[in-house]
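Asks: Copied straight from TrEMBL:
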REGION    A:1-25  region 'Disordered'
DOMAIN    A:60-170  domain 'PurM-like N-terminal'
BINDING   A:Asp62, A:Asp107, A:Asp242  Mg(2+) 3 binding site
BINDING   A:Asp62, A:Ser76, A:Asp107  Mg(2+) 4 binding site
BINDING   A:Thr77, A:Asp78, A:Asp155  Mg(2+) 1 binding site
BINDING   A:Asp78, A:Asp107  Mg(2+) 2 binding site
BINDING   A:His85, A:Asp295, A:Trp338  substrate binding site
BINDING   A:Gly154, A:Asp155, A:Arg180, A:Ser244  ATP binding site
BINDING   A:Asp245  Mg(2+) 5 binding site
Protein chains: 2
Amino acid sequence: MAETGDEPGRAGGRAPCRPAPGEPKCPEVGVSVARAGEFGLIARVTARLATGHATLLGPGDDAAVVHAPDGRVVASTDVLVEGRHFRRDWASAVDIGHRAAAANLADVAAMGAAPTALLVALCMPPDLEAQWAEELADGLAAEAARVGAGVVGGDMSASPTLTIAVTALGDLGGQPPVTRSGARAGDVVALAGRLGYAAAGYTVLSRGFRTPKILVEAYRRPEVPYGAGPSAARFGATAMIDVSDGLLADLGHVATASRVGIDLLGNAFEVPEQMRDAAHALGVDPLAWVLGGGDDHALVATFPEDLPLPGGFRLIGHVVHGAGVTVDGRAYKGSGGWEHFR
Amino acid sequence: MAETGDEPGRAGGRAPCRPAPGEPKCPEVGVSVARAGEFGLIARVTARLATGHATLLGPGDDAAVVHAPDGRVVASTDVLVEGRHFRRDWASAVDIGHRAAAANLADVAAMGAAPTALLVALCMPPDLEAQWAEELADGLAAEAARVGAGVVGGDMSASPTLTIAVTALGDLGGQPPVTRSGARAGDVVALAGRLGYAAAGYTVLSRGFRTPKILVEAYRRPEVPYGAGPSAARFGATAMIDVSDGLLADLGHVATASRVGIDLLGNAFEVPEQMRDAAHALGVDPLAWVLGGGDDHALVATFPEDLPLPGGFRLIGHVVHGAGVTVDGRAYKGSGGWEHFR
């Protein structure tokens, strides 16, 4: 498995491939998906995948078999479409693999579960370089490996539109799933992970810039606090969600499902200096990134107020009687997230 | 859940929608996916889904939770792309839902497992009628309901290319998974389900015809012998695969994975009269449909020769020392299946 920082095909500087003895061969350059053929490409991609701890039967058969020690399995599907969810000129195939995996693994973590496996359906224009698919698989596998999960199966097809549909499976470890609907008035709201970095990186890239690096990298490879999900479940979280549509929008889902209101502490959202500087240079309100941006996949959860918060979580607000999400008791006027068909 | 034959939007005659009291409302006609919006459409679609026996938490949260009583979960992903795997002028949305579900449920059955759940990623052009997506969900849910499985989750996105990626989960019921690699020389080869019907229906439709109905319907809605999968596992099947690329191609996968040869009995493949007549009219060798066509999702398995075959299976050949697949000891000259990037 390639390590962060030395993948071939990393955007911003492609290092020559020099595998050590025993490592996978360098990808063949210039071979299209159509020329590699379906079975050839599947063989090339699966040769690059590592096995997760929970994998009982990996790629190569009609279906995979994954350990589900808890007697239940958590499952989530997310799809990324080129031009809407990613651009090949903004991020390398490895980066896009990381992002696609992270979006799904975060959904599993947000139930309080530990991810065990990924399955990937990949639709590719026939003239796409086979190497791109191989490097995407590297990114998917590397992100999954962060939580000990394996890429256990998938499917490939030709398509005019490059599309990546990922399904993540996970194990609850004996805890009840933490849904969106269990928040109660009096609970505290706590956050694990970062907000606004990926949204800021997206804006930076969309204006044609490549820096600040910390923002652009956050967009390319979200840093998801996966372990915070199962921790929250063990610490008695009453509700949890991963921030994929934006904090206000996603807490709005929790408020609606739980039939409560949520009031956030305005001073809990200090904008980091680099983000503030970038926002100033681009003429953007940085709080719109923090409260409305989703691609960092932070985890936000509600906890009974008398319990200690698990490590990695910090207090950002309170659950109240009522409906909707407010900041210091007032409606926030900026963008609260986005819908995918706009 | 709509029953076969009375779905709104069925190709070949759209009956007016007249729901009985307590049944879902008629779909709103003429509303596009873009106008319905992502959250609106998800609500419309999930309202139409039934819950499977194994569903612990269905759509509406970050992830679903599915019963996995066996401590293992079987998982498979297949993707269908408009123009390559389906055409909207050849089949209704309900039919396409049935086919998309069947392709995945068959993969789970081919491991010897009982399907428990589906997850669906749906990419749609923004001008697609929302009703089409709702009827697709009806078809997916109806096919899943045949085996007691539920549609437990999914994702939607706008895309220029209508794409349906389905993941199926299943339970092995305490049996070991039946892989492709366990066939041994001396085993018998047995088949459950139909061959060539869907391929014949595809050819009929591609030449602009709509009959014979039995062939066209077989293409639109495969009749998969789901129960034969777990039966084969209980009866000691040594290898199994679902016929998705064509019998010769798929048995080729078994032969390669098991390092054996497979010899089929030519007289086991009698061509039904309607298929023979259609083949004659179209100037096609019907045996190419039977031996090379895949969309019926028959299950083919190998069994120790001294054991009885489970109900629904019939003898079609033998596992031999060697390599490759022959018919009566000779190589078959026709098409042996197809690759998806051709």
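In case you wondered, yes, glycine gets a Cβ from its N, Cα and C as well.
Tell me what's around each of these sites.
Replies: Under a cutoff of 8 A between CB atoms, and with a sequence separation of 6+ in the same chain, the neighbours of A:Asp242 (Mg(2+) 3 binding site) are A:Ala106, A:Asp107, A:Ala109, A:Ala110, A:Val224, A:Asp250, A:His297, A:Ala298, A:Leu299, A:Val300.
The secondary structure of A:Ser76 (Mg(2+) 4 binding site), as reduced to three states from DSSP, is extended strand. For A:Ser76 (Mg(2+) 4 binding site), the Cβ neighbour count at a 10 Å cut-off comes to 31, with all displayed protein chains included.
Around A:Asp155 (Mg(2+) 1 binding site), taking its Cβ as the centre, 24 other Cβ atoms fall within 10 Å, counting all chains. In the three-state DSSP scheme, A:Asp155 (Mg(2+) 1 binding site) falls into the strand class.
A:His85 (substrate binding site) counts 19 other C-beta atoms within 10 Å of its own C-beta, drawing on all protein chains shown.
In the three-state DSSP reading, A:Asp245 (Mg(2+) 5 binding site) counts as coil.
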Asks: A:Asp155 (Mg(2+) 1 binding site): which of the binding-site residues A:Asp62, A:His85, A:Ser244, A:Asp295 is the nearest Cα neighbour?
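Replies: Nearest by Cα distance to A:Asp155 (Mg(2+) 1 binding site): A:Asp62.
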Asks: Across the domain 'PurM-like N-terminal' (A:60-170), what does the mean pLDDT come to, as a whole number?
Replies: 96
Asks: Tell me which of the binding-site residues A:Asp78, A:Gly154, A:Asp295 ends up closest to A:Asp62 (Mg(2+) 3 binding site) in space, Cα to Cα.
Replies: A:Gly154
Asks: Which residue among the binding-site residues A:Thr77, A:Ser244 has the fewest other Cβ atoms within 10 Å of its Cβ, if you could check?
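Replies: Among the binding-site residues A:Thr77, A:Ser244, the lowest count of other Cβ atoms within 10 Å belongs to A:Ser244.
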Asks: Enter the number of other CB atoms within 10 angstroms of the CB of A:Arg180 (ATP binding site).
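Replies: So the Cβ neighbour count for A:Arg180 (ATP binding site) comes to 22.
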Asks: Tally of helix, strand and coil residues over the domain 'PurM-like N-terminal' (A:60-170) according to DSSP?
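Replies: DSSP composition of the domain 'PurM-like N-terminal' (A:60-170): 33 helix, 45 strand, 33 coil.
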Asks: Could you round the CA separation between A:Asp78 (Mg(2+) 1 binding site) and A:His85 (substrate binding site) to a whole angstrom and send it over?
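Replies: Approximately 11 Å lies between the Cα of A:Asp78 (Mg(2+) 1 binding site) and that of A:His85 (substrate binding site).
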Asks: Spatial neighbours of A:Ser244 (ATP binding site) among the binding-site residues A:Ser76, A:His85, A:Asp295, defined as Cα within 10 A: which are they?
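Replies: Those near A:Ser244 (ATP binding site) - Cα within 10 Å - are A:Asp295, in sequence order.
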Asks: Per 10 Å Cβ neighbour count, which of the binding-site residues A:Asp78, A:Asp107, A:Asp245 ranks highest?
Replies: A:Asp107
